[in-house]
Amino acid sequence: MNNKNLVRNIKILIIFFCICFFGIIFYLTYFNLYVSQKIINDNSNPRIKAEENKRLRGLILDRDGNVLVYSKRIQNGKQKRYYKYGEVYAHITGYSSVIYGKSGIELSYNDVLSGKTLIYNNPISVFKRFLDVVMNKERKGNNIFLTIDDKLQQKTYSLLGDNIGAAVAINPKTGEILSMVSKPSFDPEKIDDKFDEYNSDSTGVPFLNRAAKGYYPPGSTFKIITASAALNYIDNIENNSFNCNGKLKIGDYILNDYNKESHGKINLKNAFKVSCNYTFGSIGMKLGYDKLKDMAENFMFNKEIPLNDEYDSINIKVGKIKIENDKSLALTAQDAIGQHGVTSNPMHMALIAASIANEGTMMKPYIVKQIRDDYNNILYEANPNVLKNCIDKKIADKVRDYMIEVVKSGTGKNAKINGITVAGKTGTAQVEGKNETHSWFVAFAPAQDPKIAVAVIVENGGVGGGTAASIVREMIKTYLKK
Amino acid sequence: MKKEEKSILKSIYLVTLLMFFQLSISFGKFDFLPIILGLSSCILIAYSYFIISRFFPAGDKYLLILSSFITQFGLVMIYRLNSQNPVRAIKQITFFTIGIAAYIFLVIFLPEIKKFERLRYVYIIITIVLLSSTLFLGREIKGSKNWIQIGRFNMQPSEIAKLFLILYLSSSIKYIKNFYDALKESIPVFISIGLLVVEKDLGAGLIFFGIYITMLYIGTSNFKYILSAVIIFLLGGLASYFIFPHVKVRIDIWLNPFAYKTGKGYQICQSLFAIAAGGLFGTGLGLGYPQFIPEVHNDFIFSAICEEFGLLGASALILLYILLVYRGLRTAIYAKDDYSRLVAVGISSMLAFQIFVVIGGVTKMIPMTGITLPFVSYGGSSMLLNFICLGVLQKISESGWKENE
């Protein structure tokens, strides 16, 4: 055996082990950079729940600071979530279940509520936190203040009663969502027992948020858009008059007015007031599908409506306008009165009413007003933002005047309130293959200085001037006369 | 030289005391026990360093300094994992004390290593007897039948067998002149590895093979032997993949642990979560959740260190291990004779392989095999054996330095 060889081999061995060990460090670095992010949120990682449980989950409050959702420690350090008004806020707050996960605000603001993302940005909070650590006090998550008005939300919920339907109220000048109710609703505290029931067709799928994810033909409420298009594209339309005989014949197709009623000689303003299908069908044909679609897209049809919030907790369904054959006059006329290829949801329709109220400008809707840390320091404050300039102020003002007439002396008389000028539009949406009609009403008030814009749909609620209009009336009353 | 050692020792005392101080305040109330543990550790280190540098100044003091510092990491982590019921931490510091005592005892009383060279058949017989003893007397713990019980103590014979294997290989390698010799001297080694596979102690099998192949290469410088050994090993590995279900399971879990995340892959998945939770800087001592990993105080203590000390802390520990292995191999280079040299190489590479296999295993770099992390994992027999090995290394370095001077 050669001594020199032996020493040389040992030196090689030192290098070999160094390579092995540095290989581990290299691998660990790689793991931290590329693998760890992929696996860390795996549902079998107990750290997620443990980390969440360490801090008491934050509150959800309404705009005035009324507590809606809170957490409390129960036995052996676990915490339970309490929903004070259960079904009333279910589609806004969502649920937080150990078994079925989370939804709504609970899901999209999870990191905020559990205190993970937003840290203390204020020296006073940092100092208070330090004191609490010394005193061994419990750490809490951040609190979320919604834009919802508790009184209006409660009222809206009770107004809808046992109907299937939805209602949305928005502040037209800011885009704040003042109330959002969908019926039937579910109780977030009872998710673990009733999950399947809440998801089933026989109970009307309570999990479905009809206010934002419904899929309804807007019916005559869509005439707001057709009227805007007419005022925008057709010269001198206000002085034109139409000769309504109750039945608009387009080739083989006949577009009927409600109850085949004939309105006689009628101009645009009056046609809007009585919701004349003959006139609006004719206007639709005159405009052509492309112009109608352009105006609808100005009002965010066929487009995603993003929330102004940091995290989207609602996911508004895209309102659609489409047609199988854009040369077909019959189909264009149907689209122009909000049937056939047009679908929307109350949130979208409320935004359309709000943009008329706000001089033709649509604000980005939002539902989170403020986020505060557990020492009440503001971490986030919402700023209203413009979503889109839909139409000129001039046209918006004209449409607003038409809408005032609707409530004053037209189909929407039911929504009249003493002392408050309400502007509105009814809608009676026919569902293909069914006799029942959905009752729509969109409105805003006070007409001269709008503070609230509302859209309500009641499934199978008859005509729009009936159920839906009275619900809207009570909502506006509640909000303005508080 | 001595000045440097002292300044390093001072830093070690500081880090140790800081870690234990952090532990004493991190669980909501002030606790005196960690401070006592830290102080006794420091006193123990200072005392053993004093003995070694005063009476055996020729030897390599860094072996002791590095290994006792590494032990502190383990001690801190073991206390942290069971802060409510610190029995394990107290036991571990007892094992540390016993280990240091054994180490000093060996340095004082061990005769020249050269004298052990003649007994090579005795070593291999002891190795095989130890390994096969578990087949008859063994108890199955954690899926491996590699423990035997003596009185109240459980021990792993394969830990001790490793040392005897090193002694055997060191003396027999010089007889290897040709391929036939190599095969003849290797047969007992292959028998040992086979026994380990049957006992489901795959980690020890891997380490046996590592030691064997390293020493074969160091002693003969002949790549042909290495190549044939690797081929035989691969064939054997492939065969055992198909013959033994437990080998197959280990490989499958390694390839896709998340497919078994609630079953047999639970432990490795939890270990990966812990490492991922740590990130670069770690969650901080006492702030992570390493207790979610089953058996974390044994094989998976490295993952706990990754979680709370982060990538930086884990890399620091690995660097300490590199230094320790380097000092061990350096001892081999300066050793007096070839036999001591081979024993030192064997012991150092045993430590190196063990570290590599366990760290690689818990990080899913290589398939998981249940073995303990030297000086850090909880356990008496492995702590004692590691310090015995260290004592032998110390002895070799001491006589080597004397020779050189």
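Here the Cβ of each residue, glycine as well, is placed from N, Cα and C on the backbone.
Here TrEMBL flags B:32-50 (among others) as transmembrane segment.
Residues or ranges marked as transmembrane segment in TrEMBL: B:62-81 (among others).
The transmembrane segment feature in TrEMBL is assigned to B:93-110 (among others). Taking Cβ pairs closer than 8 Å, the transmembrane segment (B:93-110) reaches residues 37, 40-41, 44, 48, 51-52, 55-56, 59, 64, 68, 71, 75, 379-380, 383-384, 386-388, 390-392, 394-395, 398 in its own chain, all 6 or more past its ends.
Taken from TrEMBL, the feature transmembrane segment covers B:122-139 (among others).
Per TrEMBL, transmembrane segment is recorded for B:188-213 (among others).
If one looks beyond the transmembrane segment (B:225-244) by at least 6 residues along the same chain, the residues whose Cβ comes under 8 Å of a Cβ in the stretch are 176, 179, 182, 186, 190, 193-194, 197-198, 200, 209, 212-213, 216-217, 251. As annotated by TrEMBL, transmembrane segment applies to B:225-244 (among others).
Look at TrEMBL and you will find B:265-289 (among others) tagged as transmembrane segment. Nonlocal intrachain contacts for the transmembrane segment (B:265-289), taken as residues 6+ away from its ends with a CB within less than 8 angstroms of a stretch CB, comprise 19, 22-23, 26-27, 76, 80, 83, 253-254, 257-259, 295, 300, 303-304, 306-314, 362-364, 368.
Here TrEMBL flags B:309-329 (among others) as transmembrane segment.
According to TrEMBL, the feature transmembrane segment maps to B:341-363 (among others). Taking Cβ pairs closer than 8 Å, the transmembrane segment (B:341-363) reaches residues 113, 116, 162-163, 165-167, 169-170, 173, 203, 206-207, 210-211, 214-215, 218-219, 268, 271-272, 275, 299-300, 302-303, 306, 318, 321, 324-325, 328-329, 331-333, 335, 369, 371-374, 377, 386, 389, 392-393, 396-397 in its own chain, all 6 or more past its ends.
Taken from TrEMBL, the feature transmembrane segment applies to B:375-393 (among others).
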Close approaches to the transmembrane segment (B:62-81) from elsewhere in its chain (Cβ under 8 angstroms; 6 or more beyond its ends): 5, 8-9, 12, 15-16, 19-20, 23, 33-34, 37, 41, 44-45, 48-49, 52, 88-89, 92-93, 96, 100, 103, 285-286, 290-291, 296-297, 301, 304-305, 308, 317, 320-321, 323-324, 327-328, 331, 373-378, 383, 386-387, 390, 393-394, 397
Tertiary contacts of the transmembrane segment (B:32-50), as residues 6+ beyond its ends and Cβ separation under 8 Å: 5, 9, 12-13, 16-17, 19-21, 23-24, 61, 64-65, 68-69, 71-72, 75, 79, 86, 89-90, 93, 96-97, 100, 103-104
